[in-house]
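Visitor: Have a look at the structure that comes next, please.
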Amino acid sequence: MLIDSYGRVVDYLRVSVTERCNFRCRYCMPDEPFKDAGHSNVLSYEEMFEFIKICLDNGVKKIRLTGGEPLVRKGVENFVAMINGYKSGLDLAMTTNGYFLAKKAQALKDAGLKRINISLDTLDKTKAHFIARKDVLDNVIEGIETACNLGFGVKINTVALKSVNDNELIYLMDFAKEKGAQIRYIEFMENSHASSELQGLNKDQILDIISKKYNIKEITKSPNSPSSLFELEDGYKFGIIDPHKHDFCSTCNRLRLSAEGLLIPCLYYEDGKSIREAMRAGDIKKACEILNQVLADKPEKNKWENDGKGEISSRAFYQTGG
């Protein structure tokens, strides 16, 4: 069992299989040309898998594959099958922008993927182009529909932005309800790579918009979940991730592994420790030592103060795996 210095059980590993992404979303990617880590610096699937096995053997129960955009890396469905084949009953999930999902969903399902979180910030093609800096909406919608039809557990992630999609939040919920997916509204999280003109909506503002159509009640959430959970009168549940006022640091159960092998204890933590050389040398003992050191270094609370003006990591979310 993996336990940090504050007695929190860590049983959730987020693995960024690549920092590359085919979108350049304004709330995530920098304006300047993207420079990735380089092929030689990225862990192979086999190297990632060997580290994942260490974690699974020590009590990790949930693996989420992220990016960048995980579906731009070739062979990711084979990687899913490797992980799924190692431990039965594993909660194996992926976060994706959905662009390539329609083509790859069946292979991912066959490989053992259970759940998919898909980004959808608007149902308007012009706005989608503005946010992602390319035409993406048709592909994303097709990906969502395919995933829902195949029986994946689907969540739709929507970053709530003032003067961008604030007039669509109800429409997006209705879309998610129709598809049988849960929507989660995400407060815009300031980071050094986001466009400076963006402004987000907070939880109260989001609820105020939704309540114009629906009666809402807050319900008990999982203690490890980053989102507040709400229910409509018809039983439909939706979430709001509101780190500005309600972090979940006291129950945080996760570590993050970047594509280049950096093991990171917190999304807003600048530093981590690299397992790359240990994994390439096949030095499992050394990898375990690094894992234990990162557990010991896991902070009690993130460095981002509740007013959003605290120290913000210069590591972009696309590098850490959001």
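Glycine residues also receive a Cβ, built from the backbone N, Cα and C atoms like all the rest.
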Visitor: Can you find which of Arg8, Arg14 Swiss-Prot lists as binding GTP at the same site as Arg64, Thr95, Lys155, Arg254, Leu255, Arg256?
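Guide: Among Arg8, Arg14, only Arg14 appears alongside Arg64, Thr95, Lys155, Arg254, Leu255, Arg256 as GTP-binding in Swiss-Prot.
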Visitor: Can you pick which of Cys266, Cys288 Swiss-Prot lists for the same [4Fe-4S] cluster 2 site as Cys249, Cys252?
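Guide: Within the candidate list, Swiss-Prot flags Cys266.
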Visitor: How long is the line from the C-alpha of Cys25 ([4Fe-4S] cluster 1 binding site) to the C-alpha of Ser119 (S-adenosyl-L-methionine binding site), rounded to the nearest angstrom?
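Guide: One finds 11 Å between the Cα atoms of these residues.
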Visitor: Starting from the Cα of Lys155 (GTP binding site), work out which of the binding-site residues (Cys21, Cys28, Ser119, Cys249, Cys252) are within 10 Å.
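Guide: Checking Cα-Cα distances against Lys155 (GTP binding site), the binding-site residues within 10 Å turn out to be Ser119.
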Visitor: Among all chains shown, work out which of the binding-site residues Arg14, Lys155, Arg256 has the most CB atoms within 10 A of its CB.
Guide: Arg256
